[in-house]
Amino acid sequence: MILDRLRAHSGKRQKPSAEVLLGRRQGSWLLGTALLTLAPHVSWLPPWIIALCAALLSWRGLLLWRGKQAPPHLLLLLLTVAAAAGVRAEFGHFFGKDPGVALLALLLGLKLLEVRSARDVRATVMLCFFLQLAIFFEDQSLPIAALALCATLLALVSLVTLIDPRGHETGHVRTAATLMAQGLPFMLALFVLFPRIEGPLWGLPADAFSARTGLSETMSPGSISALSTSGAIAFRASFAGSAPAPVQRYWRGPVLSQFDGRSWHAGRVQEAATPFYSPGGERIDYTLTLEAHARRWLLALDFPGTASAEPDPAAGRESGSGALRYTSDYQLLDRQPVHVRARYPLNAYPDTVVGREQSAAILAAARQLPPGFNARTQALAIELAAGASSDAQILQRAIDHLRDAELIYTLDPPLLGTDSVDEFLFDTKRGFCEHFASAFTVLMRAAGVPARVVTGYQGGEINPIDGNLVVRQLDAHAWSEVWLAGRGWVRVDPTYVSAPRRIEEGLAAALPAGESLAFSLGSQNNWARSVRLRWEALSNAWNQRVLGYNPDRQRELLAGLGIQGDDVWVLAGTLMACASALMLALFIWASRKRKAEDALDRAWRRLSKRLARRGLERQPWEGAHDYARRVALAIPELEAAMRTIGDNYARLRYGPEPDAAQVQALIRKIKTLRLP
Amino acid sequence: MPTARLNRLLEAANQIILGKDHEIRLALACVIARGHLLIEDVPGVGKTTLAHTLAQLMGLQFQRIQFTSDLLPADIIGVSIFDRDTSAFRFHPGPVFAQLVLADEINRASPKTQSALLEAMGERQVTADGNTFDLPEPFFVIATQNPAHQVGTFPLPESQLDRFLLRIRLGYPDPLAERALLMGEDRRSLLERHTPALEADDLIALQHAARSVHVAERLIDYVQALLSATRHDAELSAGLSPRAGLGLLSVARAWALMQGRDHVLPEDVQGLFPHLAGHRLHLAGDGRPVTGATLMRLLHAVALP
């Protein structure tokens with residue numbers, strides 16, 4: 001009653017807040033949320049959309065700073081139509097995730113400009129939540145996840161600020177962080193228990209086949225050196241034992257046996273479920289984690305044994321597309337192109353002798369050369385072959401010749417004309433590995449020795465933090481294989497002849513002075529190197545544990561926890577049980593936060609709850625005295641009883657030395673109070 | 001029974017000042033809590049009459065000081081004048097040496113003069129020429145200021161405002177009361193017919209009784225939460241001081257005593273809080289005083305323990 005008088009006294013009554021204007025603080029939080037939400041999208045959005053979004057956000061910031069409200073509706077409408085038309089023109093359609101997310105990003109910028117009411121703020125925050133999820137269509141790396149988490153926190157702060165517009169900022173952040181922390185166990189439970197879906201969850205067909213960097217089925221001068229600028233990771237390998245020495249790390253990719261004078265192409269090969277050789281000798285076990293490259297081939301260490309013979313239960317289906325295939329030129333293929341990062345448990349038998357028996361057709365193909373090219377090389381080949389007793393002798397002479405020719409290994413070879421091999425061997429003498437491999441193979445073929453080019457990766461770097469071998473695009477390499485009677489296909493790396501450091505120490509070491517790779521990759525700066533190694537170990541753990549959590553690993557993990565069965569219902573049941581347990585735990589936590597209350601307080605609170613059903617709930621700040629009078633006014637039948645209860649409760653709670661008998665009597669009175 | 005006398009006092013005061021029962025009670029609570037009162041309103045709503053009435057009905061000596069820009073500190077506290085007969089300086093007490101002092105339009109005087117009075121209010125004693133003189137007991141100051149005309153005034157700084165326990169506004173009388181006022185006889189002559197309802201000692205007894213009103217631990221919790229809410233509110237430039245907290249408790253005790261209760265209820269605190277905090281709290285942005293709406297929001301933000 002006193003409060004009512006005060007309200008009148010205060011003169012100005014508060015306006016009903018149906019239309020809350022966007023305050024500067026709320027606006028700033030919202031703007032920050034949008035900024036952090038859109039930031040990671042910059043990596044893939046078309047430049048004009050980034051520029052437009054930046055302009056819209058700056059505009060909003062300016063309006064906030066000047067304390068002005070939204071620009072006129074008509075202008076925003078026109079902008080929206082223009083933005084939609086722009087997206088249509090950029091992508092050609094509205095379907096699929098790229099145009100959809102681009103449109104949403106623009107709409108977020110526009111929505112931000114027209115935010116006026118609390119409802120708008122909520123809609124904007126929802127849009128932000130969606131865009132924070134949508135970034136995972138593009139990139140699922142650790143920093144992106146961390147960024148998305150920060151953006152989610154900001155979005156929550158925006159919502160908290162909306163509910164309590166005048167409270168303290170740190171309090172708001174704390175509230176939002178608490179909310180997020182409460183959500184965390186649910187997130188974990190859902191992550192672990194929600195039935196996993198095979199393959200890319202959001203891989204729409206058009207998006208899944210987009211081009212990626214990496215090796216291809218053809219090789220021409222410059223095609224591999226183009227990869228050397230990329231520090232992107234091609235694959236990782238973790239060895240069961242110690243890793244093989246650098247000179248043994250030849251990861252086989254496409255084998256190229258057809259030469260048209262300038263480019264090398266893959267020939268026709270057979271595929272089979274088992275290798276075209278019998279593996280023997282020392283065995284190396286390792287797990288290959290291949291980055292998506294949209295091709296079928298794996299990069300296997302020479303020469304892969306039968307993976308399906310593995311008794312290991314984790315093997316076989318790890319890649320998700322069934323058993324692997326072997327080709328007659330010793331490549332290892334998956335059944336499907338690799339569109340998501342995949343793990344393969346593999347083994348290798350480096351000492352295996354391959355291709356001792358080769359058909360005449362294959363050998364003839366391996367001697368084929370297009371007529372009319374590289375006359376000087378052909379002349380050199382005839383010279384080398386003259387008087388040689390065997391192919392092995394020709395090979396040795398060719399290697400010796402290459403060593404004496406003092407060819408220079410460089411990332412920046414001069415352009416070559418029609419007779420590329422002649423020009424490289426006799427004129428420019430500067431080349432990258434594809435020049436070496438191509439020239440050597442042509443030389444061998446001209447001398448009548450069967451030879452072919454093998455592309456793949458060579459080397460890689462062991463990360464001392466987790467012991468994994470990391471192979472990057474810049475480790476892409478090309479070498480030759482020569483067929484010798486009685487020995488089969490023998491690997492010859494002409495790059496090794498001229499630049500042995502390339503093979504022994506890696507690309508950065510082999511490059512001549514004055515040529516260098518990007519700082520963190522090429523330089524031997526210890527500090528930067530250690531940071532990079534740590535970061536890559538962390539990323540690998542993220543890839544393996546989080547992104548690589550597929551149906552098989554889920555099954556494995558759950559089996560380890562004692563939950564058996566592929567049944568979706570078992571999973572769903574476990575999930576429900578977990579979620580309920582978590583809810584219960586949260587509930588208990590929340591109720592324990594409430595102060596311990598005695599019997600009188602409990603009875604009093606229950607009375608308030610009973611009255612709440614009539615719209616007469618006690619406000620948290622409302623004293624017993626005032627509350628009892630308010631109820632008495634609303635329900636005249638209760639007037640006397642409520643006044644007594646209210647007065648007595650107030651006296652027993654705030655008066656000196658409450659009498660236990662009186663407390664009991666009041667509890668009884670409250671409990672027996674009948675609402676009319 | 002002091003309460004019975006209090007009721008008689010209120011009854012009599014209500015006959016003189018019509019329709020302002022709540023404000024009279026607040027002023028009385030302020031006296032009983034040994035605080036000083038600030039009345040902020042436009043002229044002619046009965047500020048002086050209220051002060052006069054209280055002095056008359058409580059049987060207190062009354063002095064009125066009209067504050068002007070040329071008022072000097074000595075005009076308030078008094079001066080020492082050389083006495084030829086005794087060949088020594090003799091202190092002539094100023095108008096502040098009264099039990100109830102009405103400082104009219106306190107914001108018209110220079111800060112120096114204002115602070116002379118405010119110091120006397122705080123210390124309950126006056127120092128002149130190195131001698132300290134105790135002020136009479138009880139000692140109660142009612143200051144008025146006109147918020148509408150700020151030209152040529154010296155608004156009281158926040159630190160000085162803190163010395164006033166409560167601030168009230170009288171406002172215009174409601175139509176019924178105003179009609180009775182217009183039809184009735186002159187207030188001044190009406191006042192003279194009333195005899196004091198209290199003796200000076202009664203007031204001191206009441207002040208003592210108020211101090212023994214019970215304050216439960218829960219209520220301390222509540223007051224603390226309320227103080228803390230003012231200190232952590234982003235809209236306010238600064239929160240309430242511990243002195244304000246003590247004042248809130250003492251005036252709540254006085255209020256409870258006036259209601260004939262031996263303990264303080266949260267409702268007492270809630271009812272008094274706006275009068276206690278209204279002149280102490282300022283908005284963070286432009287330093288304007290808080291509005292009633294903000295004070296209500298603060299009250300509603302703090303749940304009862």
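Even glycines carry a Cβ here, placed using N, Cα and C.
Automatic prediction, not curation, is the source of TrEMBL annotations.
These features come from TrEMBL:
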- A:45-65: transmembrane segment (TRANSMEM)
- A:72-89: transmembrane segment (TRANSMEM)
- A:143-163: transmembrane segment (TRANSMEM)
- A:175-194: transmembrane segment (TRANSMEM)
- A:425-496: domain 'Transglutaminase-like' (DOMAIN)
- A:568-590: transmembrane segment (TRANSMEM)
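Non-local neighbours of the transmembrane segment (A:143-163) in the same chain are 25-26, 29-30, 32-33, 36-37, 39-40, 118, 121-122, 124-125, 128-129, 132-133, 135-136, 172-173, 175-177, 179-180, 542; each lies 6+ residues outside the stretch with a CB under 8 Å from one of its CB atoms. Beyond the transmembrane segment (A:175-194), the same-chain residues lying 6 or more positions past its ends with a Cβ under 8 Å from any Cβ of the stretch are 149, 152-153, 156-157, 159-160, 546, 549, 554, 557-558, 571, 574-575, 578-579, 582, 585-586. If you take every residue in the domain 'Transglutaminase-like' (A:425-496) and average the pLDDT, you get 87. Below 8 angstroms of C-beta separation, residues 182, 185-186, 189-190, 193-195, 558 of the same chain, each at least six residues beyond the ends of the transmembrane segment (A:568-590), sit close to that stretch. Note on the domain 'Transglutaminase-like' (A:425-496): DSSP counts are 24 helix, 30 strand, 18 coil.
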